[in-house]
Structures are given as C-alpha cells and as structure tokens.
C-alpha cells in the first residue's frame with residue numbers, strides 16, 4: 001500500500017504523445033477527471049508519469065478544504081484563473097466591486113435626460129434586478145456539473161450548456177471583447193485622463209510640453225503591465241481590487257455629492273430629450289441609446305465564474321454560498337453608487353447634460369463646471385487608479401487563454417519568463433489597438449449591444465439546458481421569457497446604434513488619439 005496509482009476517467013488517448021500507456025495517459029484536449037487512488041503491491045505495474053507533466057501538490061495553491069480539487073483537470077492548477085483557490089469572501093467582494101463599477105456609469109445622467117424621471121428610474125431598477133438575477137444563475141451553475149466538477153470560466157459553461165460548436169460560436173466574441181476589449185478601453189480612458197490630469201496640474205502654460213495622446217497611452221500601458229507582472233493569478237489581484245473598489249466608490253460619491261451641492265441652472269428642464277421635436281428615427285435612436293447606457297452600466301458577468309473559481313469549496317460549504325453572499329454585499333454597494341449618480345446628476349443638470357456621450361467630456365464639462373482645481377485633480381487620480389486596478393482583473397482572463405493555448409500544445413506549465421513574455425505581448429497588442437482605434441468608445445453601444453446577451457440572455461438559456469426544469473415550471477417560463485427579451489433587446493440596441501452612427505457620423509481618427 002506504499003505506492004500510488006493514477007486512475008484516469010474518461011480520457012482520450014492523444015496520438016501525438018506515444019510515451020505513456022493508454023491506461024495512464026492524460027489528454028489535455030478535453031476536461032477529464034483524475035483521481036489518485038492507493039493500489040496494492042500486487043497491482044500491475046504501470047509506466048509512471050513524468051513529474052513535469054502533472055502539477056505537484058507544491059505547485060498548486062488550492063485550499064486543503066477543497067474537496068472538488070481532485071475532480072478537476074490537472075491543468076487547472078497551472079492556469080492563472082484557477083492556480084489559487086484559497087480566496088475568501090472579502091477578496092470576492094473586492095473583485096466584484098472593482099469589476100462591477102465601471103466608467104460607463106458616468107453616462108447614466110445622459111440616459112435619464114433622454115428618458116425622463118419615470119422611465120429612467122424604471123429602466124435602471126429593471127436592469128439592476130435583471131442582471132442580479134442572471135448573476136445568481138451563474139453562481140448556481142458554477143458547480144452544477146456531475147461529480148462536483150467546477151466550471152470556472154464562462155466559455156466552459158457555455159460549451160457545457162450548448163455544446164462545443166454552438167457554445168464557442170455564441171461566447172468567444174463576447175468573452176474576448178469584454179475582457180480584451182475592456183482592457184483597450186481602459187488604456188484609452190486611463191491615458192486620456194492622465195493627459196487631463198497633467199494639463200490641470202500645469203495649466204495652460206504647460207500644454208505645449210505635454211506628451212501626445214499615444215505617448216500617454218503608452219505610459220498607462222507600461223504601468224498596467226508592470227503591475228500585471230507582479231500578480232501571478234486572479235487571487236493575487238485581491239489587494240489591487242480593494243484599491244480599485246475604494247477609488248470607484250470614492251469617485252462616484254464625490255461626483256453625485258458635488259452634483260447635489262452645486263446650484264442648478266435656472267433654465268433647466270426635465271422633459272425627455274427624445275420627445276422634443278425629433279423624427280421617429282431620431283426618437284427611436286435616442287430612447288434605445290439611453291437604454292443601452294443603462295444596461296451596459298452594469299458589467300462584470302464575464303468574470304463572475306472566474307472570481308468564484310478562486311474560492312474553496314466542499315460538501316459542507318460549497319463556493320456558491322460564499323459567492324452569493326459576496327454578490328449581495330457588493331451589489332448593494334454598487335446600487336449605492338450608481339443610483340445616486342444617475343438621480344443626482346440628472347437633478348442637478350437636467351437637459352444641460354452633454355449629449356456627445358464622451359466619458360471624459362462628461363467629467364471635464366459636466367462635472368468640471370464650477371469645480372475647484374483640487375477636486376478635479378482628485379477625481380482624475382481616482383479614475384486613473386481605478387482603471388489600472390480594473391485592468392488586472394479583465395486582463396487575467398486573456399492571460400489565462402494565452403497560457404491555456406500553450407499548455408494544451410506543450411503539455412507543461414508556462415515558465416515565469418514565458419508568462420512575462422505573454423503578458424508583455426498582450427500589453428503591446430492592446431496598446432496598438434488603442435492607438436489605431438482611439439474612437440472605440442464611440443462604438444461602445446454598437447459592440448455592447450452585440451455582447452449584451454452574455455449578461456442578460458445566455459445565463460437564462462444555460463440554466464434551462466443544464467438544470468432541465470419542467471416546461472410547466474415557473475423557472476422555465478421566467479428564464480425563457482428573460483432570455484428571449486435579452487436577445488430582442490440586443491438586436492434593438494444594435495439597430496439603434498447603427499441609426500445613431502448613420503445620423504451623427506463617426507469621427508474615425510485612426511492612429512490619431
């Protein structure tokens with residue numbers, strides 16, 4: 001009984017690696033289950049696996065209380081998202097807050113200006129409730145697979161629910177855009193905010209000495225990737241997430257408190273802009289543009305499963321219980337930031353809200369009026385820090401995919417230098433895209449409409465496909481209804497975005513940030 005054998009369940013032999021017997025071969029091309037079982041001295045001798053082919057106990061940071069660790073693909077212990085599973089409820093709260101409060105929330109007063117008080121409040125409450133429900137679905141589906149296996153990536157869950165071809169077709173673009181695309185938008189926003197901060201600090205006399213837009217993008221990218229090189233896995237991002245959550249809450253609180261404190265213009269009105277002498281096409285575009293701002297203000301669904309994957313789990317305390325408490329606490333705080341920001345901003349400015357949809361224009365013109373220089377400097381600093389911290393969470397999904405591609409091919413974990421090369425390479429690619437498409441923010445509603453089903457529709461259909469509730473049950477009816485409504489809303493948002501672009505045009509300043 002002194003020997004250990006490795007029993008492989010449902011593995012498929014890989015003809016490209018003929019070094020091991022079929023009974024003991026690990027296939028990294030599928031998510032197989034691995035169990036370590038004691039064998040007797042009389043058991044047949046099998047060829048031992050190379051120590052570099054499987055993760056050792058010392059290479060994994062999984063919690064000793066995680067009973068599901070043995071049912072996972074051994075490759076899980078090599079990847080950044082699941083390398084460490086000893087997180088706690090506080091780290092989950094910090095990461096949910098940091099990834100959930102985005103700079104898109106600054107545009108909520110613009111949405112209220114188009115919809116008015118009644119429909120603005122109804123839409124905001126409905127979107128918040130809807131996305132909270134779909135978040136609960138994802139949390140419950142994390143450990144829904146047979147045998148207690150954990151699904152720690154959105155793409156894995158989509159493949160499990162819809163099949164390999166359909167799951168990839170529906171999920172790859174939204175997941176990659178909401179991770180890599182968000183990083184590009186953070187570079188654009190963070191770099192331009194650095195430029196505004198420099199100009200504010202130095203005044204008009206120093207603008208000639210300021211760096212160019214692309215150089216500010218490069219400064220932000222270098223800082224973000226330097227931080228990423230110090231954070232090996234998602235669990236290690238917890239401290240940065242804490243800083244990002246604090247800065248996001250402080251920035252939102254300062255903005256809505258300042259809106260309440262300042263005097264309102266005497267000629268403002270609260271009549272919806274979409275009802276003021278516009279054609280039917282303009283009214284349609286304005287209404288759904290506002291709805292798009294509201295539904296896209298809530299983000300982070302593409303990293304919920306990944307954050308939950310860092311928590312330990314066992315039969316007595318599954319990760320879904322801890323994660324759901326983290327979701328409830330974090331979303332209460334998110335509501336306390338976004339709802340006052342929308343209501344106070346619209347109350348203070350009404351129809352005077354800038355209508356161009358630029359986030360930095362909203363900051364400098366909308367909130368910058370009659371605001372002290374020190375207040376604007378503080379807001380810019382908070383926004384830059386938040387962008388740097390948020391970058392780490394969304395970039396980790398990309399890093400995980402890059403390392404997964406390498407590990408699947410080479411059957412070994414990435415070395416430290418290779419991991420650094422991959423992350424620097426991604427930073428360079430994101431920087432080039434930001435410089436080439438600095439107007440990407442103008443397409444946010446168009447692309448956001450395409451990715452909206454990932455948050456509002458797909459979780460409903462995945463619940464039906466995996467849990468298989470009765471077609472007569474309330475859960476089946478609710479999920480089918482919300483899923484179909486999410487798909488219809490996505491189509492309408494894309495059409496409205498196209499109409500707005502056709503009406504107002506697009507300032508496509510390629511390579512000129």
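Every residue, even glycine, has its Cβ placed from backbone N, Cα and C.
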Worksheet entry | Per TrEMBL, the range holding transmembrane segment, considering 197-215, 216-234, 273-291 | 216-234
Worksheet item: Between the stretches 89-108, 169-188, 216-234, 420-440, which wins on the count of C-beta pairs under 8 angstroms to the transmembrane segment (446-466)?
Response: 169-188
Worksheet item: Taking pairs 6 or more apart in sequence, does the count of Cβ pairs under 8 Å between the transmembrane segment (325-348) and the transmembrane segment (216-234) hit 3 or more?
Response: no
Fill in: Recorded stretches the transmembrane segment (169-188) and the transmembrane segment (240-257) touching, at least 3 CB pairs under 8 Å
no
Worksheet, complete the sentence: Most Cβ pairs under 8 Å to the transmembrane segment (216-234), of 89-108, 240-257, 420-440, goes to 420-440
Worksheet item: By a Cβ-Cβ criterion of under 8 Å, what residues six or more beyond either terminus of the transmembrane segment (420-440) are in contact with it?
Response: 180-181, 183-185, 187-188, 191, 213-214, 217-218, 221-222, 224-225, 228-229, 395, 398-399, 402-403, 406, 414, 506-513
